[in-house]
Ligand SMILES: C[C@@](CO)(OP(=O)(O)O)[C@H](O)COP(=O)(O)OP(=O)(O)OC[C@H]1O[C@@H](n2ccc(N)nc2=O)[C@H](O)[C@@H]1O
Ligand SMILES: Nc1ncnc2c1ncn2[C@@H]1O[C@H](COP(=O)(O)OP(=O)(O)O)[C@@H](O)[C@H]1O
């Protein structure tokens, strides 16, 4: 067994998020094209006599170090005794799957460490777990349990969070219409430009309800729309993180620099999505 094991937990970006219905248990039916970024958290796993968790890194503040943390719950449900170090780079409660991606990274690392499959349904830890286990572009449907890998040309993005936490359940609750049209059929994209054109016509149905709870999201989307070279701006998941998409890495890097200059307190990163 090679130790310690280090696993990258990428930011999950809902490039589209169509809410198409409501299940009798209160969970919403989703149709979403999901991409993963080359920015994210880092999980380090070391064998130990008991389960422990230490949260470090620039975004560690306020992230629980006990059973409230999805990393802890993932390791516990796996039956693993490991010392987990979670290096937080992503904001929490931000619509980019921080907790879910961390938990999926723990499960991937434990599979490797114990040379054993995950002994439970990852969905038990949250609706975003199945897509985060895959950690590559996918179409997600059902309430999150159906995940089909998708071919997405690499896209360049600016991710921005105005540092307000938005609880997922509150945003779903604030959505008035539950039965919205699904995403269009996913074409075989021939280029980044082709996919950007297609994405322009899709939606995130949670954008308006999230704005009703945190109006700063509207201002954030406006500022992203001013960035040179952007093809579209949208919110990810239940917010408050929003993104602008670009054709080139250089445009995204300049976009992030310009946005930072006007909003020094926001969390802003440029990245590649795959
Ligand atoms: C909205 C999405 C889109 O990818 O992303 P985030 O905003 O969390 O990043 C996810 O579906 C979130 O997944 P996750 O954060 O794992 O959700 P869970 O812990 O299972 O559920 C949190 C709460 O969100 C609501 N919920 C979640 C998923 C779903 N399909 N329908 C829902 O109504 C429920 O109110 C639930 O109590
Ligand atoms: N590993 C984790 N990283 C960040 N937050 C976590 C983690 N585990 C549990 N949480 C808790 O889960 C809540 C939702 O965080 P997160 O999963 O990042 O949100 P979202 O589902 O919007 O992407 C936060 O309020 C936080 O306290």
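Note that Cβ sites are derived from N, Cα and C of the backbone, with glycine treated the same way.
What TrEMBL annotates here:
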- 12: active site (ACT_SITE)
- 128: active site (ACT_SITE)
- 91, 92, 93, 94, 95, 96, 97, 98, 99, 100, 101: ATP binding site (BINDING)
- 69-123: domain 'GHMP kinase N-terminal' (DOMAIN)
- 189-263: domain 'GHMP kinase C-terminal' (DOMAIN)
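Features recorded in TrEMBL, as mapped to the structure shown.
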| residue | record | DSSP class |
| --- | --- | --- |
| 12 | active site | strand |
| 91 | ATP binding site | coil |
| 97 | ATP binding site | coil |
| 128 | active site | coil |
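Ligand 1 lies under 6 Å from the Cβ of 95, 97, 128, out of the recorded positions 91, 93, 95, 97, 101, 128. By the rule that a residue counts when its Cβ sits under 6 Å from some atom of ligand 2, the recorded positions 12, 91, 95, 97, 101 yield 95, 97. Cα of residue 91 (ATP binding site) to Cα of residue 12 (active site): a distance of 12 Å. Take the mean position of the Cβ atoms of 91, 92, 93, 94, 95, 96, 97, 98, 99, 100, 101, the recorded ATP site; other residues of that chain with a Cβ within 8 Å of it are 11, 12, 90, 237, 241. Of all the binding-site residues listed here (91, 95, 97, 99), it is 91 whose C-beta has the fewest other C-beta atoms within 10 angstroms. Restricting the recorded positions 12, 93, 97 to those with a CA within 10 Å of the CA of residue 128 (active site) leaves 12, 97, listed by sequence position. Counting residues per DSSP class in helix, strand and coil order gives 40 helix, 10 strand, 25 coil for the domain 'GHMP kinase C-terminal' (189-263).
Its Cβ taken as reference, residue 101 (ATP binding site) is surrounded by 28 other Cβ atoms within 10 Å in the chains shown.
Between the CA atoms of residue 99 (ATP binding site) and residue 12 (active site) there is a gap of 10 Å. Counting only same-chain residues at least 6 apart in sequence, those with a Cβ under 8 Å from the Cβ of residue 93 (ATP binding site) are 165, 166, 167, 168. Counting only residues at least six positions away in the same chain, the Cβ atoms of 34, 35, 36, 37, 96, 97, 100, 101, 128, 131, 132, 236, 237 sit under 8 Å from the Cβ of residue 12 (active site).
For residue 128 (active site), the number of other Cβ atoms no farther than 10 Å from its own Cβ, over all displayed protein chains, is 28.
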